[in-house]
Amino acid sequence: MMEEDMENGRSYQERPRTFSTIRSKSSIPLVFRLLMRINPRALIILSLLVFSGVLYVGASTSPIVVFVFCICTLSLFFSLYLTKWVLAKDEGPPEMSEISDAIRDGAEGFFRTQYGTISKMACILAFVILGIYLFRTTTPQQEASGLGRATSAYITVASFLLGALCSGIAGFVGMWVSVRANVRVSSAARRSAREALQIAVRAGGFSAIVVVCMAVFGVAILYSTFYVWLGVDSPGSMKVTDLPLLLVGYGFGASFVALFAQLGGGIYTKAADVGADLVGKVEQGIPEDDPRNPAVIADLVGDNVGDCAARGADLFESIAAEIISAMILGGTMAQRCKIEALFVIADPSGFILFPLVVHSFDLVVSSVGILSIRGTRDPGLISPIEDPMSIMQKGYSITIMLAVLTFGVSTRWLLYTEQAPSAWLNFALCGLVGIITAYAFVWISKYYTDYKHEPVRLLALSSSTGHGTNIIAGVSLGMESTALPVLVISVAIISAYWLGQTSGLVDESGNPTGGLFGTAVATMGMLSTAGYVLTMDMFGPIADNAGGIVEMSQQPESVREITDVLDAVGNTTKATTKGFAIGSAALASFLLFSAYMDEVASFAQIPFKEVDIAVPEIFVGGLLGSMLIFLFSAWACSAVGKTAQEVVNEVRRQFIERPGIMDYKEKPDYGRCVAIVASASLREMIRPGALAIISPMAVGVIFRILGHSTGQPLLGAKVVASLLMFATVAGILMALFLNTAGGAWDNAKKYIETGALGGKGSESHKAAVTGDTVGDPFKDTAGPSLHVLIKMLATITLVMAPIFL
């Protein structure tokens, strides 16, 4: 066929393009395939029965839980509306659909293989956790409530597996919508920039609402089930204030899956991107996403598995970890203040369930923010391209204003107590501190990564004097960008702690006890707009994919201009979400660290309130924690480099062996690059992931043995606390540096591609491409993985605390 076309003077460019199918079997998860076989009426009846059962369990627990279930259910219906609205849009001409199909096949095929590998590792770890809990000692509280070792073990393992499952589903939802929305955004860009923006935002909104909904639903169902099953608060059973500690396994399961999803997806997307850019842009001088580049489909597939699926799992894990840590601290504070014993009006479940209510309102306010972004009234009207960032900022401002109001309502409803009548107002102010912190993080990230501001323009200017000066400027920008976020986090933690301490809540001895809960409330405030922030994040890869489809299907330049603007804004929104994620990770880790110290104290029956780094062993633990961050980042970046080398060699081979590719006379083998990147990323994600899981356990056990031989019973737990503390601090700084430097390099390149400093193909552009290549593993592999690593270290130490004593 190819020979006949060439004889007749036709190129494959003039023929309908077809792309090799990459998947070999259905990539729809087994659960969904089984549900699709059920009769629709039977499925509706089954759903009603399940919902009724859930409501019954919720009603048996607390009216607050029923409220949470109702809001989550309504939000799921809203997400279905968004899905229907997006999928009703047209897919454009056949060449667009064919490219989109190839991207979808590759993304879903890799997702199936990747999560198959992760699920096997999760099952192995579940057996390890089961073994540890079956042979560990029990706390006095568990003995008093009759909760034996076996019950505790099965509860922790079930929580871990449910958290892992929900995290996987969150990732699947993120990827599912992105691979279907990309082509619809491409098609809409032929008509209107505003319509393309609206489709991308609503598609991202669907994923965001489902992710937040699942995080809240999962924790609420676990809490209610354990409450009813264990007969909480009945005579001789567990107290409600101790119940949240049983949920820690859920957070660990979510972190475990998110870490490997982020690593595998990040390695995939950036190896393909680096390989495509180095050979395509630098060596061959062809545009980004050009159909002649053999790695272009792998690059577009990577946007979905690395940015959408992995970020969905990442934010799910962030919200789950924050909810659980705040519930633990709320229960601890209620217990110390004797709220349950002294006051009828002050129900301790209000302090415990407060995080679930906050995120229920998050679903409502984020939905309003998503709907506030509308298309043009006249679809046929050709209007000038508006700034998509300013449009989304307006939506974010609406979401924040509503979040402030709903947060105040939540604190008055659930945190009012006669013991301290004005405490709720202090906690409302803590929430306001968190909301302001979130806005500050979004603004700081935007300032350092948007090419409308000076830092990125100076970085672009440095490209005019060569590759070396571009790298130097990018590294210095990344280092500088750590200062403002750290100052903001510091002010937020101290302000929230002080507001909590002065709330009027005191323990039996008259000592203030609300400080840590104040920081927990601030963390909730920061994440009270998580749904809309995740929407902005999901917008980025959808817009990026849309630009690739437009370029590959060779649409008019005016269409590509629209998708280029959306893509550049998408880079900024992704960078702001990463800043938001690392800020919330810092606050959540601080809370989990406190919960870890409380759990160790309850197991050991010895007070554990401080960690003295002047003790040599504990100082060594801190060094090991800092080293862990650098070694993990090095291995993650190295994995991208190794995989990218394979891609570069393959793309060079195809250009040499198929010289007709550059003249559109021969077609590249896209499937070969996809296969190389998929297998390599799955292989390379194991080493850094295993390092993160094994290190804290190995350090804790080794120093436990050392402590036993030297008469220091808490040495293992203290060294692990030091490791956790130093790893959190180093991880925050490293993640800020990597995320911001990578995003700035990418947008400096985008700025030059708008025509500045010589435009595409100039020497400045080539230097900027080099900087972007260096920044790719920074911002999309190592940086985002550190968000998850920080929180996973905190949850794994909580779950594994018994083996350190």
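Using the three backbone atoms N, Cα and C, a Cβ is placed for every residue, glycine included.
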Query raised in the report: In TrEMBL, which of 282-304, 512-534, 535-557 is tagged transmembrane segment?
Result: 512-534
Query - Residues from the same chain, set at least six apart from the ends of the transmembrane segment (422-444), whose C-beta lies under 8 A from its own - result: 358, 396, 400, 403-404, 407-408, 411-412, 415-416, 481, 484-485, 488-489, 492, 495-496, 499-500, 502-505, 514, 517-519, 521-529, 533, 576, 579-580, 583-584, 587
Query - Closest-packing stretch to the transmembrane segment (199-223), where packing means Cβ pairs under 8 Å, from 42-59, 65-87, 512-534 - result: 65-87
Report summary line: Checking 42-59, 155-179, 396-416, 512-534, 579-597 against the transmembrane segment (719-738) for Cβ pairs under 8 Å, the most are found for 579-597
Report summary line: Beyond a gap of at least 6 residues from its ends, the CB atoms lying under 8 Å from the transmembrane segment (155-179) belong to 29, 83, 86, 100, 103-104, 107-108, 111, 115, 118-119, 122, 125-126, 129-130, 133, 203-204, 206-207, 210-211, 214-215, 218, 222, 226, 246-258, 261, 303-305, 307-313, 315-317, 320, 538, 541-542, 545, 799
Report summary line: The answer for the transmembrane segment (42-59), taking Cβ pairs under 8 Å and residues 6+ beyond its ends, is 35, 65-66, 68-69, 73, 220-221, 224-225, 228
Report summary line: Long-range Cβ contacts under 8 Å made by the transmembrane segment (243-261), restricted to residues 6 or more beyond its ends, are 114-115, 117-118, 121-122, 125, 129, 152, 155-168, 171, 215, 218-219, 222-223, 226-227, 230, 232, 309-310, 313-314, 316-317, 320-321, 324-325, 327-328, 330-331, 352, 595, 599, 685, 689, 692-693, 785, 788-789, 791-792, 795-796, 798-799
